[in-house]
Amino acid sequence: MVMDIWTISLRILLFPSALVLCSDSFHSECYTVNGADYRGTQNQTSLDGGKPCLFWNETFQHPYNTLKYPNGEGGLGEHNYCRNPDGDVSPWCYIPEQEDGVYWKYCDIPACKMPGNLGCFRDHGNPPPLTGISETSNKQTIQTCITMCRRQRYKLAGLEAGFACFCGNNADYRKHGEMPSTDCNSVCFGDHTQPCGGDGRIILFDSLIGACGGNYSTDSAVIYSPDFPDTYGTGKACYWTIQVTDASIIRFNFTLFDIKDSRDMVELLDGYTKQVLIRFDGRNHPTHSFNISLDFVILYFFSDRINQAQGFSVVYEAFKEETIEKPNGSNNPSQTEMITQTTNLSINAARSSKILYVITTSPSRPSGHVPGWTIYALTGLLILTIIAISAKALLHISMKSARLASSSSLDSCHRGSAGEIWSIFYKPSTSISIFPKKLKGQHDDRNPLVGE
């Protein structure tokens, strides 16, 4: 199978895991529970005889239009696709006004259903679709119900009429029939942006949604931040292990990332060495999907005791090496992609030492033009040092002086202090420069898996 990705790999003996940057190859209609992220093209309220939607640039008599939101806020634009610009329980659109004064309707979009949302079903009441424990609450939210069911070790959680929660393991929950998603749009009493079923209609969820930690071994899955779709709590420290037998690459794609606090963070670690491969936080958001050349990865999330946000959803997919091929180009020739990774030095280096690698290249270059450089440990560093210094020296002094300068520079490299950071900038067909650099504002790693 040919995968539409653009790849650059860096392999270093000091850090045996290669982290690969690639273009975004995952796509799903919705990853939020209310479809606020829907950017599809359905332009009628239902695929089966629904009302046609009005264009957002022709609805100036209504609150939401392109005149008021000219920069694409909420996905609005010169189109008539269903959207959810106001954070309602599901996408909707304006319609030609009816005799009863209705001028908008929810859109029933089968493809806009976040993973873990099993759908909307009939509830005849005797017996109910889920036959475990139940409760009612005037503060009901989706995660409140899911948490109760998960604590009681039920696999399914269902909500009905905005305030009722049901738990169970019933495999035949579909027996009374599946209904349109709009039948389950009664707002949750505890959060009016979330759908909590309807009258005689129950919306079902997998109870793993929003769990703080878990173990995954399937080829693909979606992992949500703790307490999702509610905001994540304070003081969280969660681990998810992802170990896929025979996988050579695991691809990660953050389909949602809303972490505003710079002290809250998401890390991906080598499952074998516990070394941090990449870190994201409130200031450093993931902008692309990326591959990790391992079959065992740990996802770690930490939140401090102040501030909260929506959190994240991440899709992972495991591949065998023969299924990955490079394309000839990219959809965005002008875009320069960059990834930064910080790694620990060798076991004998000082604990405060770090190496910062910054690799840049253009995805528009044909794959045949992308250098296949592989840098091995200190040998690679020595070669790059000699090339860079020799090239500069040739402009001014003889070859003998250049070799002396290279030897002197190599000695000074080995005498660098333990707390010093080296940055390597590499661009195809351009010069290579190596220089020491202090990493400002780097907080100590709060991940207990990383040794002191």
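Every residue, even glycine, has its Cβ placed from backbone N, Cα and C.
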Swiss-Prot annotation, disulfide partner among CYS167, CYS184, CYS238 for CYS212: CYS238
- request: Could you identify, going by Swiss-Prot, the member of CYS145, CYS184, CYS188, CYS196 that forms a disulphide bond with CYS165?
  value: CYS145
Field: Disulfide-bonded cysteine for CYS93 as listed in Swiss-Prot, from CYS53, CYS112, CYS120
entry: CYS53
Query: From the list CYS82, CYS107, CYS112, CYS120, which cysteine is recorded by Swiss-Prot as disulfide-linked to CYS30?
result: CYS112
Message: Can you tell me the CA-to-CA distance separating CYS53 (disulfide bond) and CYS145 (disulfide bond), as a whole number of Å?
response: 34
Query: When you measure from the Cβ of CYS212 (disulfide bond), which residues in the chain that are at least 6 apart have a Cβ under 8 Å away?
result: PRO226, ASP227, LYS236, CYS238
Message: Around CYS82 (disulfide bond), which of the listed recorded positions (ASN43, CYS145, CYS188) come within 10 Å, judging by Cα atoms?
response: ASN43
Query: For the domain 'Kringle' (29-112), what are the DSSP-based totals of helix, strand and coil residues?
result: 6 helix, 11 strand, 67 coil
Query: How many other Cβ atoms sit within 10 Å of the Cβ of CYS165 (disulfide bond)?
result: 26
